Amino acid sequence: FHSSWRMSVNFNELEELATQMLAYDSGLEIKNRRYFLRTYQDCFIGSQLLDWLIKYKQCSRPTALALGNELVKAGLIHHTVDLTKPLLDGYFFYVFSDKVKKKKGKLKKTPHAVPTSIKGIALLMNDPIKGVEIKDRKYHLKPYRCCFVASEAVDWMLTHLGCRTREEATTIGEKLVDEGFIEHVVQPQPFKDAYLFFVFTKYTKETPEITDKEVQEQEAVTPEDFEQLKVLGEGGYGKVSLVRKKDTEQIYAMKTVHKSKIKSDKALEHIITEKNVLVNDSPFLLHLYFSFQTANKLYLVTDFLAGGDMFFHLSKKNGKGFSTPVARFFCAELVLALEHLHQCGVIYRDLKLENVLLDSQGHVCLADFGLSKLVDEDSNDRTQTFCGSQGYLAPEILRGESYTYSVDWFSLGVMLYEMLTGINPFLGANFRETCTNILQKPIRFPSTFSRSAAEFLTKLLSRNPETRLKTAAEIKRQSWFKGIKWNKLALKRIPPPFHLAVKAAESTEHFDQVYTRMEITSEDESLMSQDSSTEGLFEDFDYVAVAETS
């Protein structure tokens, strides 16, 4: 569709174009919008559709408008209120038809690195398609041209940069001001998570884009760049330590894996998958900042979540569960975490209490993606590998059947039962008994369960994947979640009902002292012989998240 294009496009081409507009990574910004106190669900703005067509189809604005109206005539998009209204180049709300929306379920998000340099963030924020919403605004009848709202920019950072908290996003906003990329519309003042108008400066508009060369020339990271503070955990492949990066004083968690212990193709697939999934932009998934290697070891440097894991906190309840509001909040945020993975074509396959971390405020964060599986359309989004954790395995996995994303929703049901009662509904004296329970044991709900909780869990724990709840959209509509404002939850605008006392960024009071009291030891790799069997296996392992914002 170039500027010379004539209106000879057929319906299939128009339908394909509409589907492209729904793409997670390069499509239109579709969200709930308000106008004169009325909310319009899942809509986009007419002028932004034209911007998108001009950028991605390389056509003129008149051609884009004509093409947009072909989409209207074909019944693929329409005005939110007046179905007869044509596409207009202005602040008018439009939605996609139900047929087009159904196609979105087949689209995949592409896990990708996000810019974490202040320069890169400024450029992405100012992008006409992917950036913040820039438009003329009024305040007390005074007009302000081409500006954005600070609190909406914080929302944008959570959804596009995967910021862990609104405070973290606000800090980035402050640095954007300090480094001259944005400024208040009236007078110099700090960036705040509030209804304040900011504009991009001339400096931002004249800044060239970040090139691949700039990214590739980032200085290599080594183990010597980090000070080891405490041990956080230990497993079959290696250990996880609390570390401080010496030049920035930033606190991280660092997972160390011995290459010699990666002896099979499956083990290799697990570590590579974990590294790839850690590169994401969801505020509910653990983030990778650095990955690097030495002759004998692999290193993954991620967020440190000072709240510890959910198993630690539930074990403190002495056999009782969390309150219903706490369990509902945790479960809802886990739905958002799993939804993001599924949109990226990833089956998680290892949902359990130990893999759900809490940040210092009490928000959840999903971790440990070693058993995750990236599926593709050729397999119809299905796989058949037997893997998972005891007590959480879906029945179809135990039966040796092929399975899809619904195994994660079964595990969520098990975990929700645990959060509400303090016990796993299927756990037996041994693995065989546990498997038998999963396949056959009737599920009994305590009398304290509400009807909506029992109904919700029954749908999650269905032994037949065809009758089980299959999608995040279905789950969000369940009556047990009544009152949850999903858009606000995704933007972390809802305070967690579970309160944590965290003394400092490097505090480990919410971690098992069996590990935190271990002596920090370091091996002299110069004295270790290199395992030649692993040579060449990890050529693409090294990664740096563009640059640090500190």
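Cβ atoms are placed via backbone N, Cα and C, with glycine included.
A quick note: this is a predicted structure, and the numbers were derived from the prediction, not measured.
TrEMBL lists K255 with the feature ATP binding site. The Cβ of K255 (ATP binding site) lies under 8 Å from the Cβ of G238, K239, V240, Y299, L300, V301, T302, each of which sits 6+ residues away along the same chain.
Taken from TrEMBL, the feature domain 'DEP' applies to 24-98 (among others).
Feature annotation from TrEMBL assigns domain 'DEP' to 128-202 (among others).
Taken from TrEMBL, the feature domain 'Protein kinase' covers 226-481.
Summarising the annotation, TrEMBL assigns domain 'AGC-kinase C-terminal' to 482-550.
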Taken over the domain 'AGC-kinase C-terminal' (482-550), the model's mean pLDDT: 78
Number of helical, extended and coil residues in the domain 'DEP' (128-202), per DSSP: 25 helix, 20 strand, 30 coil
For the domain 'DEP' (24-98), the number of residues DSSP places in helix, strand and coil: 26 helix, 20 strand, 29 coil
